[in-house]
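Below is one structure; the comments refer to it alone.
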Amino acid sequence: MKQQDVVSTTFVLRTVNSLGWSATMPFFAIYLDVVRRLALGSIGVVYLASGFATFLSQILGGHLTDRFGAKRVMLTGYACSFISSSLTGYLIFTKSPVYILVTLYPVFSLFRGFSNPATSSLIASLKERAKMSKGFSLLTMGGNLGFGFGPAVGGYLADSLGYAYVFVFSSFCALFATFFALYRVRDVPKIEFFEQKKGANHLSLFVVVFLSFFVNGYTYTTLSLYAASYVHLTNSQIGLLFTTNGLEIVLLQLPLMKLIDKSLFLSPSIAMLLTSLAYLVVAFSHNFFELELAVVVSTLGEILLAVPMQTIVAQLSKEGNRGRYQGYYFSSSSLGRSLSSFVGPSSMQFFEPFYAWCAVAAFSALLCFVHLKQKDIRKFS
């Protein structure tokens, strides 16, 4: 595929996949809380299991991308996602027992994340760092464009038609992605098993990725539950918070791209400081506008975190292990976010929310110094 085709195709696929996933992400937790009266700690366990399923799927997706090529992995992930989304919507509509729903949701998450390493490996195959950074920036923009509109659509559907239709919408997004990948993604040369490179050991880098996205993950499930249960926002208002997150990334990602490319070393550290500040704002928030301010600040931190870290991982990979490296990146980041979906709600259940948010803000500030000392990140100073 030509470089322009690679970027435009992956942009559309990431946008549509994110649109379908983000429509469900905050509102399934709210559905379990408000409609099914599940304890916040139990909801956290569901999302932790979901994160572990995503963790495994993205490692597997990365390995299979190197072995069978990106297109096959994408088609498998999107098609299975369509089936699992449709089934989840049907079970919600028929008011099936809650234990069936919470068992199926990790399966839904498994297939949603399966194709991400394959999509990103196409960008990682670009030769020049500047083009790679631009590709990942556009990929991030696409994901957050979908994330910007997905929660707004999900909130509207949940309020007007019911929670089942949120998953119906998600299934249509997966169906579109399946056919789009079928006709637009060209097969790439597969790497035979004996040619696949193991690469150097960058375990400590992926641990830092995990911890960084553990902190970043509080912006999503934990914040949505806090907004619903403690600040008493409506589903539509919560959707608008996430729309702000997505649109801010769309508007600022490209303008900040040159700065990010020139400061890969410092960007993640600044991101952690901004995230710390945002969570302190959340700790003192009592209304929609204060939470909106916190989301604006934390989103700026996310912009300075995601693309630099993914570019560093891609730069450290080689032909034959790009899929796996992207799989390790996505599995580390998704497991971190999912663990925060367990720790965050549980901490608010056992401690005052004010202290829970202050604690994660302090941990985020500490990670600023961890980024400055990490050996693989320091190579780009």
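Cβ atoms are placed via backbone N, Cα and C, with glycine included.
As recorded in TrEMBL, the features of this protein are as follows:
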type: DOMAIN; residues: 1-189; note: domain 'Major facilitator superfamily (MFS) profile'
type: TRANSMEM; residues: 12-32; note: transmembrane segment
type: TRANSMEM; residues: 38-61; note: transmembrane segment
type: TRANSMEM; residues: 98-115; note: transmembrane segment
type: TRANSMEM; residues: 136-157; note: transmembrane segment
type: TRANSMEM; residues: 163-183; note: transmembrane segment
type: TRANSMEM; residues: 203-226; note: transmembrane segment
type: TRANSMEM; residues: 264-282; note: transmembrane segment
type: TRANSMEM; residues: 288-307; note: transmembrane segment
type: TRANSMEM; residues: 354-372; note: transmembrane segment
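The average pLDDT computed for the domain 'Major facilitator superfamily (MFS) profile' (1-189) is 84. A Cβ distance under 8 Å defines the sequence-distant neighbours of the transmembrane segment (288-307), meaning residues of its chain 6+ beyond its ends; these are 133, 136-137, 140, 212-213, 216, 219, 223, 227, 231, 233, 237, 240-242, 244-245, 248-249, 252-253, 256-257, 260, 267-268, 270-275, 277-279, 281-282. Among the listed stretches 136-157, 163-183, 354-372, the one sharing the most Cβ pairs under 8 Å with the transmembrane segment (203-226) is 354-372. Counting Cβ pairs under 8 Å to the transmembrane segment (12-32), the top-ranked stretch among 38-61, 163-183, 264-282 is 163-183. Below 8 angstroms of C-beta separation, residues 9, 12-13, 16-17, 19-21, 23-24, 27-28, 31, 35, 71, 74-75, 78-79, 81-82, 85-86, 88-90, 92-93, 115, 153-154, 157 of the same chain, each at least six residues beyond the ends of the transmembrane segment (163-183), sit close to that stretch.
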